[in-house]
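Annotated in Swiss-Prot:
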- Asp485, Asp491: Mg(2+) binding site (BINDING)
- 552-611: domain 'KH' (DOMAIN)
- 621-689: domain 'S1 motif' (DOMAIN)
Amino acid sequence: MLHFLETDIAGRKLKVECGKTGMLSNCAMFISYGDTVVMVNVNASEKPREGIDFFPLSIEYEERQYSVGKIPGGFVKREGRPSEKSILHARAIDRPLRPLFPKGYRNDVQVVCTVMSVEQDNLPEILAMNGASMALCLSDIPFTTPVATVSVGCIDGKFVLNPTLEEREKSSLDLTVCATNERVMMLEAGADEIPEDLMIAAIDFGFNACQDIVAFQEKAMKEFGKEKVTPELYHPKEEIEKDVTEFAFESIKEIMYITDRDERNLRLREIKEKISNEFAEKYPDDGADIDEVVYTLQKKVVRNMLLKEHRRPDGRRFDEIRPISCDVDLLPRTHGSGLFTRGLTQVMTVTTLGPIGDAQVIDGLGVEESKRYMHHYNFPPYSTGEVKPLRGPNRREIGHGALAEKALVPLIPSEEEFPYTIRLVSEVLSSNGSTSQASVCGSTLALMDAGVPIKRPAAGIAMGLITSEDLSKEAVITDIQGLEDFFGDMDFKVAGTEKGITAIQVDTKIHGLSKYCIKTAINDARKARLFILEKMVACINEPRKELSTYAPRAYTINIDTDKIRTLIGTGGKTINKIIEETGVKIDIREDGTVFVLSSDADSANRALKMIDDLTKDVKVGEVYLGKVTKITNFGAFVEVLPGKEGLVHISKLDINKVNKVEDVVSVGDEILVKVTDIDNQGRVNLSRKDVLKQQESNNSKEK
């Protein structure tokens with residue numbers, strides 16, 4: 001049966017059509033906003049998956065090139081693996097939905113969001129986030145809390161709801177807010193050093209705007225939502241829970257109060273082995289239940305410690321940051337490096353500078369763009385002392401890399417100010433919480449060490465949260481470590497400078513965050529950020545004045561746009577010849593700006609002269625040292641600039657009368673000639689005679 005519903009959001013129609021397609025899916029629907037259309041399909045397995053201790057939710061964000069009228073490039077001519085942007089959007093959809101499923105739900109759930117049509121003014125990822133929530137609400141899957149998502153911009157201090165492409169380009173804020181009718185579920189922001197009070201107001205603006213979409217989803221649920229199935233939820237057997245708690249709770253409590261991480265982990269392994277041996281005969285096939293009970297006991301102890309005793313596992317105050325150390329210039333042959341250590345979390349970031357032509361070209365569903373600043377994040381297994389196969393970057397690594405990249409985007413100098421492509425790579429050497437924010441700090445150190453003139457240093461911090469079961473009590477903590485992240489309710493990451501916020505990412509494991517919690521986290525994060533910046537500036541207080549000896553130098557020359565073809569030459573012949581002869585790298589912009597990159601100044605200067613000679617015009621009245629290229633009975637052809645020849649008529653070869661051209665010059669001779677005129681057909685007429693007369697005149701004056 002076909003169902004249709006629409007509402008008005010920010011002056012544009014939000015429409016939902018359900019029941020027309022995907023008849024075999026649990027729920028299939030089309031959701032549109034303007035001319036942007038996303039198809040959402042959700043399905044769940046009939047029974048829980050056996051042998052797992054997590055909720056197997058799978059979110060897929062599929063981009064289709066036909067949505068923007070493109071045919072995929074490459075030999076295959078079809079979409080391949082998900083792009084980094086697709087992965088980031090899928091993660092953003094997952095984060096607000098996952099906490100709202102019933103605890104203990106182990107059925108496989110898959111949400112597939114397929115982008116079918118894109119109008120650049122209306123972001124498909126925002127639409128997909130709303131569609132995913134709505135499709136789950138309309139299905140019989142046990143998901144009953146609608147989540148709405150909006151985009152918020154800020155232009156001249158005024159907030160804009162779901163900004164258009166033109167508005168996004170003007171905006172100093174790119175904020176995504178996901179919320180239920182009561183609380184904020186997820187935040188993602190990139191900003192141009194926005195003050196804390198303005199960011200808090202923007203989040204509040206987004207939360208209020210979400211309420212219309214929540215009401216829209218609730219209306220759809222009432223009108224044509226399916227009746228929800230009663231799920232089979234996982235819970236350890238009561239007798240196992242009782243026996244393990246009686247046997248081990250006091251021991252686990254004692255262990256969790258040990259502040260030294262290594263000793264605590266050793267004692268935990270010992271007690272787990274004791275528990276396993278104690279119940280091996282009584283519960284031989286219930287190892288998963290026993291592990292779940294032990295985990296629950298650990299969690300209970302840590303949460304009570306924080307919420308009721310106001311004590312942290314490592315003994316710190318709630319607003320206290322772990323010991324920090326910073327170092328730079330660690331790797332001799334790299335262009336810049338920085339090492340940031342906070343407690344047992346340690347990240348080394350390395351900077352590489354390259355030509356503008358090395359910028360990454362992004363040809364997705366949006367407007368084609370190039371990215372000259374990149375940040376990549378690697379999280380190897382040794383960072384947590386584990387042994388795992390080394391493979392390509394996973395979704396988490398891509399997400400953390402993008403967050404740290406976003407934090408520094410507003411601080412990177414313009415192409416005109418610093419004509420380089422910049423790549424940062426953060427290597428996580430040790431992980432005990434908040435490695436993405438340590439990457440922000442490491443990136444700042446590495447950029448300044450490389451001599452990149454960033455506007456200001458940036459730092460990042462992760463805030464945590466512990467709440468009571470009814471959410472009536474909450475405690476916000478600064479600089480969360482592994483245990484607090486693992487057993488806590490929130491990971492609230494804030495990056496920025498002394499001036500303001502540049503990036504935010506918020507995940508929660510509970511049914512949302514209160515306004516008080518958000519305000520407290522943002523304000524406390526500022527205090528922490530300023531403290532960290534002091535430590536970083538003590539290590540290196542400004543970008544180095546000189547680039548590394550091993551970094552290439554960039555030189556710029558401007559040419560007329562109509563000379564670009566001349567510089568490139570047929571099939572790139574001319575520019576490739578310059579590159580081969582000098583060993584430089586050359587990039588040409590459409591406006592006539594030419595970038596020359598070389599580690600050797602002499603090579604760069606030779607290339608610049610060759611480019612200048614190729615592209616500058618021959619001027620009447622100028623004297624040139626030219627080379628004779630051809631001799632005829634009426635004169636000699638002389639190349640005055642590369643590829644530019646003129647004729648010296650026989651009558652203009654010498655002061656005295658010339659009978660034969662060969663009596664005066666030969667092919668290959670270099671002679672001084674003056675440009676007398678350029679005719680309507682562009683032919684250049686030269687005179688050696690005028691130069692000789694001028695020389696005679698000068699000699700007479702000197703005498």
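Placed from the backbone N, Cα and C atoms, the Cβ positions cover glycine too.
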Chain-internal residues near Asp491 (Mg(2+) binding site), provided their CB is under 8 angstroms and they sit 6+ positions away: Ala462, Gly464, Ile480, Asp485, Gln505, Val506, Asp507, Thr508
Average pLDDT across the domain 'KH' (552-611), rounded to a whole number: 90
DSSP-assigned states of the domain 'S1 motif' (621-689) in counts, ordered helix, strand, coil: 8 helix, 36 strand, 25 coil
